[in-house]
Amino acid sequence: MVLDDLGTSLRSSLDKLQGKSRLSESDVEEIVKEIQRSLLSADVDVSLVMELSDSIKTRALEEEPPGGTTAKDHVLKIVYEEMVELVGDSTELPLENQTILLAGLQGSGKTTSAAKMAWWFSKKGLRPAVIQTDTFRPGAYDQAKQMCERAEVDFYGDPDNDDPVAIAREGLEATADADVHIVDTAGRHALEDDLIAEIEEIERAVDPDRSLLVLDAAIGQGAKEQARQFEKSIGIEGVMITKLDGTAKGGGALTAVNETDSSIAFLGTGETVQDIERFEPSGFISRLLGMGDLKQLSERVERAMAEAQEEDEDWDPEDMLQGEFTLKDMKRQMDAMNRMGPLDQVMDMIPGMGGGMMDQLPDDAMDVTQDRMRRFERIMDSMTDEELEQPRVVGQSRTERIARGSGTDEETVRQLLEQHSMMEQTISQFQGMGEGDMQRMMKKMGGGEGGGLGDMMGGGKGPF
């Protein structure tokens, strides 16, 4: 994920305080220099870096740590609070009737972002509509229409009309029944006069409740001037940062937020319409520092389970705690997990599993794990209902047949069966447990004992 390098660097800096109970001035000087290097490497504006590091230094030297608090935890708390202050509050987006205007350069991800936002509002119970006004870029209409079809939201565009202002007006009329209108505009490769003039005309025509600037996370220092120009022409109330699943540095986008005196509204975390997060500053910085984000995790779990149950109304996840745990249950679990997004993003949300633990894993650990899950899914697709319901009937001849049918090998089939057996044993231990017992079991699983999340990452035979 974007800013991963920044997170790794910050965590590495803080680890140097491990074992210290008190901080000397030289300790603070060294940690502040490390933080400055980390932020500058991530393309955060120099003035912001100095402001942030000065605040951290002052607080670290002047504030007395609470009793029993280590130097590392004390500085971690200060860094967390100051970085939350740096990124600011989330953009206010009431769940009510509104018109949102999107601005940004070509390639920033506006069209994809429009469909993602519409999908997000639809999941909140509103009826959104996307109005595509980009007459400059070939294929913009087709892309927007396809993305909105995937998001299952209303769409308006007119490929035969070359007047973006007229399209915007007609779009508002044609989608009058919608609660939320998201107006996508054309971009250019640079901040050209005709781009600014066009978006100012559209802004006057649609009279948006708020205008959002869409920024590619890789933009770097160029974000500052871009943000300033759009702020001057239409006023920017919030920012959507796109392509956060890439390896970009991301600091430029944070600089743009500060430059426009606005805030971050959404994060784009992948290529599908579901890969969007409402920005929550505390959770975002918490993940960056390896502290997890349980709120975002619970939202993803809830959404994934609901979608899985929509497709299979007979399945209730709670049934696994009541009776047998079959391969069908395991397959449904894996499907729900896939719906939660890339595995590395999910792991970052789990306290104790992201951050430092992820830093210790090989770079390809997530890819290897997801590849293994895909092979397991192919194997289960090659099984009969009887085999999925009663894995113990799978003997040597069936193993050979399943391996051939799935394009895998017999060893991988046996690994799947072993994995199922391990998970079955773990789940059976939950049956009849009270809440306190379950919490202790989850902690044990997280440490890599008994087929839990720790094992998933290579702590043992582990799931997947």
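All residue numbers here begin at 1 and follow the chain in the order shown.
From the backbone N, Cα and C atoms, a Cβ is placed for every residue, glycine too.
Not measured: the values here are computed from a predicted model.
The annotation GTP binding site is assigned in Swiss-Prot to 104-111, 184-188, 242-245 on the grounds of sequence analysis. Classification of Arg188 (GTP binding site) by DSSP places it in coil, neither helical nor stranded. For Arg188 (GTP binding site), the same-chain residues that are 6 or more apart in sequence and have a Cβ closer than 8 Å to its Cβ are Leu105, Gln106, Phe136, Asp194, Leu195.
Around Lys110 (GTP binding site), the C-beta neighbours below 8 angstroms that are at least 6 residues distant in the chain are Leu102, Ala103, Gly104, Asp134, Asp184, Thr185, Gly187, Val214. The Cβ of Gly104 (GTP binding site) has 27 neighbouring Cβ atoms from other residues within 10 Å, across all protein chains displayed. A helical conformation is recorded for Lys110 (GTP binding site) in the three-state DSSP classification.
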